[in-house]
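Colleague: I have a structure I would like to understand better, so I am pasting it below and will then ask my questions one at a time.
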Amino acid sequence: MDLSRIPAQPKAGLINVLIEIPAGSKNKYEFDKDMNCFALDRVLYSSVQYPYDYGFIPNTLADDGDPLDGMVIMDQPTFPGCVITARPIGMLEMIDGGDRDEKILCVPAKDPRYTYVKSINDLAGHRLDEIAEFFRSYKNLEKKVTEILGWKDVDAVLPLVEECVKNYK
């Protein structure tokens, strides 16, 4: 898979998210650049599972040295390697392993059920709480600590994506 062919921002206001982990999975897959395929990184130690499809924005480099993370709210899970053109609606800021780590929350651009969702404020607060709780607790049994800093709305996302695209280049 040639990731260089997948633009981070295919159109203004949209991003591409390459899915590594489908919703409902306890398996944490990661794209292995050396093998050029998806590989099982680990199985989550705790009883939680990924609430939505999770992956990364290709051709970006975040402060933690990895591509920028993205989570796409979907009604049905996709699969590792699926590229979803998505509309970012906000981001969860957290600390993971001592490093700042942002999780970009998105909705699929090609799903009419989410055309009204433009911001995290368009979602039920409980949904955001569930996502934050997942990231707060998913590493507990590994004796790793994550700290949730809070949610930022959509206006904070695109400048971060643009910065991470520049960092990659």
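Placement of Cβ uses the backbone N, Cα and C atoms for every residue, glycine included.
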Colleague: Can you match one of Lys26, Lys28, Lys118, Lys152 to the substrate site that Swiss-Prot gives for Arg42, Tyr54, Tyr138?
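Modeller: Within the candidate list, Swiss-Prot flags Lys28.
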Colleague: Among Asp32, Asp101, Asp111, Asp122, which residue shares the Mg(2+) 1 site with Asp64, Asp69 according to Swiss-Prot?
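Modeller: Given Asp64, Asp69 bind Mg(2+) 1 in Swiss-Prot, the matching entry from Asp32, Asp101, Asp111, Asp122 is Asp101.
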Colleague: When a 10 Å sphere is centred on the Cβ of Asp64 (Mg(2+) 1 binding site), how many other Cβ atoms does it contain?
Modeller: 16
Colleague: Taking only C-alpha atoms and a 10 A limit, tell me which of Met1, Asp69, Asp101 are near Tyr54 (substrate binding site). These are the recorded positions.
Modeller: Asp69
Colleague: To which of the binding-site residues Lys28, Arg42 does the lowest count of other Cβ atoms within 10 Å belong?
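Modeller: Comparing Cβ neighbour counts within 10 Å for the binding-site residues Lys28, Arg42 gives Arg42.
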Colleague: When you measure from the Cβ of Tyr138 (substrate binding site), how many other Cβ atoms are you left with inside 10 Å?
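Modeller: There are 21 such Cβ atoms around Tyr138 (substrate binding site).
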Colleague: Nearest of the binding-site residues to Asp69 (Mg(2+) 1 binding site) by CA-CA distance, picking from Lys28, Arg42, Tyr138?
Modeller: Lys28
Colleague: For each of Asp69, Asp101, count the other CB atoms within 10 A of its CB; which of these binding-site residues has the top count?
Modeller: Asp69
